[in-house]
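Under the heading Mn(2+) binding site, TrEMBL lists 119, 142, 144, 146, 250, 252.
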């Protein structure tokens, strides 16, 4: 990570010290859930990611890995839409369960990986994290902003409204959805950064501008380069103080040529190197506390190869966020001093 300026040099020193001193274990939680949107199959995402070798890959890193299996979600037989929002009670109940599981894992000292499932699950994941670490900041890597409210959402799907439940500034813009009385806004807009946006609804764009949210579209990434994007992200979120990072990574942030088996693919996404750079740099801070990896949908792959490519991409993203490097194995005979 290359940072410039006196403040950045101080931050870099602090982050390097944190990275060197921090030891932790990893908890993996599966959340096989799909009712935040209307396309079946995303509930099979956790299994696809595990089948692609996630636990074995993580076992090669420097800390113990605990796979706590999958949560069991109850799907209510009677769950009428509210406004035009489908399955509000089912989604609310699932997120409340997930919130408790994430809170317990973080409270036990684990760096926690949540495998989705659709992106509505971030409501519970981030909320549960905030119970333990209310000073957290949120990096949202996604083709979509997921900051619609029920009033602005074209589809009503809750996987496109996750962030709106979290933000204090939107408290008066959100109706009282059945199933969500337990959620109280806990995040300020200044504590959020988006990376990879390229399909933002008009209502979302107005919210981003009105709240002054820091975001980087794919055009911004093309213009600035991913290194500069991450420098600005860390300056924005971490210059005041070191604090835990919640990374919520939607696989559709990646270009569909790399991750085709997902529900809402959008052309022109992150390259492999850009996606891995993001997670490597977050790892290098030593501050990653919780990560979501969502929207892998094996039912939507046009072929077995498409499904395997998407699941493998998810494994690579998670592993690099936890310390896997692209430098290869180092031995004494190949290590040089300059």
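Cβ atoms here come from the backbone N, Cα and C positions, even for glycine.
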Check: Taking the mean position of the Cβ atoms of 119, 142, 144, 146, 250, 252 as the Mn(2+) site, which residues outside that list, in the same chain, have a Cβ no more than 8 Å away, listed in sequence order?
Finding: 140, 143, 145, 159, 160, 253, 264, 294, 295
Notebook entry, point to check: Counting only residues 6+ apart in the same chain, whose Cβ is under 8 Å from the Cβ of residue 142 (Mn(2+) binding site)?
Noted result: 119, 194, 195, 196, 197, 248, 249, 250, 252, 253
Notebook entry, point to check: With every protein chain in view, how many other Cβ atoms are within 10 Å of the Cβ of residue 252 (Mn(2+) binding site)?
Noted result: 29
